[in-house]
Amino acid sequence: MAVDMELDGGGDGKGKAPPQISLSGLFLACMVAGGVQYGWALQLSLLTPYIQTLGIPHALTSVMWLCGPIAGLIVQPCVGLYSDKCTSSLGRRRPFILTGCIIICISVIVIGFSSDIGYALGDATEDCKVYRGPRYHAAAAFILGFWLLDFSNNTVQGPARALMADLSGRHGPSAANAIFCSWMALGNILGYSSGSTNDWHKWFPFLMTRACCEACANLKAAFLVAVVFLGLSTAVTMVFAREVALDPVAAAKRNEGEASGPLAVFKGMKNLPVGMPSVLIVTGLTWLSWFPFILFDTDWMGREIYHGRPDGSPAEVTAFQEGVRQGAFGLLLNSIVLGISSFLIEPMCRRLGARAVWVMSSAVVCVAMAAVSVLSAWSLGDFGGSVQDAARAPAEEGGVRASALALFVFLGLPFAVLCSVPFAVTAQLTASRGGGQGLCTGVLNISIVVPQMAIALGAGPWDELFGEGNIPAFAMASVFAAAAAAAGVVLLPKVSVRSVSMAGGH
C-alpha cells in the first residue's frame with residue numbers, strides 16, 4: 001500500500017552540521033563521481049566482450065559479474081555503516097572515498113595489463129595477431145582485477161552518495177542530485193568515448209606488445225587515462241568536501257551497546273523508515289529489468305546487430321569488435337541524454353510526483369526491452385534466428401543498426417530516473433528519522449545487488465538455451481519492467497512536492 005508522507009531535509013543527526021558550501025563548491029565536491037563513473041563506463045562497455053577474447057565462453061561471462069553483487073552485499077552496507085560512525089580527522093566519508101579510489105587505480109592497471117601478465121606467467125608465446133586460442137593466465141589476472149574493481153567501486157559509491165546528502169545544505173538535495181548525475185553523465189561520456197575510440201594504439205604504439213594487439217592496447221590506454229582522471233577528481237573532492245569530524249567521545253557514547261559490522265546492518269534493516277520496505281521491493285524489480293541490458297548491451301551490438309563472434313574467423317572478430325565500438329558509441333549518446341535529463345528529474349517530480357515518474361520510467365523500459373528483442377529477431381530473422389548462423393552472413397546495414405542506436409538514446413531518460421529517484425526517495429525517508437544516510441544507502445544497494453546476482457547466475461545459461469544470443473534475457477527484462485511499474489503503483493510511498501525539493505540524495 002502506498003504511504004503519504006511529508007518529509008523535510010536535514011543533516012544526519014550525528015555531530016555538528018557541515019559548514020555552508022557554495023553551489024560551485026558543491027559541484028567540485030562531487031567530482032569524484034565523474035572519475036569513478038569513467039572507469040565504470042569502460043567496465044560496462046568493454047570488459048564483457050574483452051574477456052571472451054581471452055577464452056571465457058559467452059555463457060560464463062555473466063558469472064564474472066557476480067563480484068558486483070557480492071561486493072555490494074558485503075562491502076557497501078558495512079562501509080555505509082562505518083562511514084556514519086567514522087571519527088577520522090578527514091571526516092566520515094572522505095577516508096573511504098580516498099581508500100576506494102586508490103584500489104580502483106590498482107585494479108584497472110591489472111585489468112589493462114592482464115594480457116601481458118598472462119604472457120609473463122606462461123600463456124601462449126605466439127604473437128597475438130595469429131594466436132586465437134585461450135589465454136587462461138591472462139583471464140585469471142583479468143578476473144582478479146575485475147573483482148577488485150567491483151569491490152573498490154562499492155567502497156566509494158555509498159560514502160560518495162552520503163557525502164552529497166551531507167553537504168547539500170541550503171541548496172537542497174535535489175540540486176545535489178542534479179550535480180551528481182551531471183558528473184556521472186560526464187564520466188560516462190568520457191568513458192564511452194574512450195571505449196568507442198579505435199586509435200589509442202596509434203597514439204600510444206608502445207602499449208602494443210607480443211601479447212597485446214590493437215584492441216588490447218586500446219583497452220590498456222583507456223584505463224591508464226582513467227587512472228589519471230580518477231586521481232584528479234579524487235584530489236578535488238578531498239579538497240572541496242569540507243566535512244566536520246565527529247567527536248570521538250560523543251560518538252563512542254552513542255555507539256555503546258550497538259551491534260557492529262554486518263550485525264548492525266541487519267539490525268538496521270529491521271528498523272527501516274516507514275515506506276522503505278516498499279522502496280526496496282520496487283528497486284529490486286526495476287534493476288532486474290535493467291541488468292541484462294547493462295551487462296550485455298555492447299555484446300548484443302557485436303553479436304545480434306553486427307553478426308560477429310569474439311572467437312570466430314578474422315572477419316567475424318572484426319565485425320564483433322566494430323559492433324562493440326558502436327555499442328560504446330550508443331552508450332555515449334545515452335550518457336548525453338542522461339546528462340540533459342538529470343536536470344529535468346526535479347521539475348518532473350514536482351509536477352507529477354516521484355512515484356509517477358518512477359512508474360512511467362519502468363513502463364518506458366518495458367517497451368524498450370521488448371523493442372530490443374524484436375529488433376534482434378528482425379536482425380537475425382533471415383539467418384534462422386541463431387547468432388551462429390547470422391555470423392556466417394554479412395552484417396545487415398541500414399535500419400537495424402540505426403534503430404539499435406536509437407534505442408540507446410531512448411533509454412537515456414529512464415536511466416536518469418534510475419540513477420536519482422530511488423536514492424532521493426531513500427534519503428527523504430531517512431531524513432524523517434534524522435540520520436543514517438550511509439546505512440540506508442547501503443541497505444538500498446542490497447535491493448540492487450540481489451537482482452544482479454540473479455541475472456549474473458541465470459542470464460548466461462538461459463541465453464545458452466537459445467543459441468548463445470541475448471534475446472531471451474532482454475525479453476525477460478521487459479517482463480520485469482512491467483512488474484516494476486505495477487508494483488510501483490501499488491507500493492511506492494507518495495512523497496509531497498515540497499519534500500522532493502527539500503530532501504533526498506543520490
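Backbone N, Cα and C atoms are what each Cβ position is placed from, and that goes for glycine too.
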Per Swiss-Prot, Ser45 and Asn470 on one membrane face: yes
Surrounding residues of the transmembrane segment (221-241) on its own chain - C-beta under 8 Å, 6+ positions past either end: 21, 25, 28-36, 38-39, 42, 46, 90-91, 93-94, 97-98, 101, 104-105, 108-109, 111-112, 163, 167, 190-191, 194-195, 197, 200-201, 203-204, 207
Residues from the same chain, set at least six apart from the ends of the transmembrane segment (172-192), whose C-beta lies under 8 A from its own: 9, 23, 26-27, 30-42, 45, 161, 164-165, 222, 226, 229, 328-329, 331-332, 334-336, 338-339, 342-343, 345-346, 349, 416, 419-420, 423-424, 427, 500-506
Mean predicted confidence [pLDDT] for the topological domain 'Cytoplasmic' (349-355): 87
Contact yes or no, the transmembrane segment (276-296) and the transmembrane segment (21-41), 3+ Cβ pairs under 8 Å, gap 6+: no
Surrounding residues of the topological domain 'Extracellular' (116-135) on its own chain - C-beta under 8 Å, 6+ positions past either end: 54-55, 110, 141, 209-213, 216, 311, 317
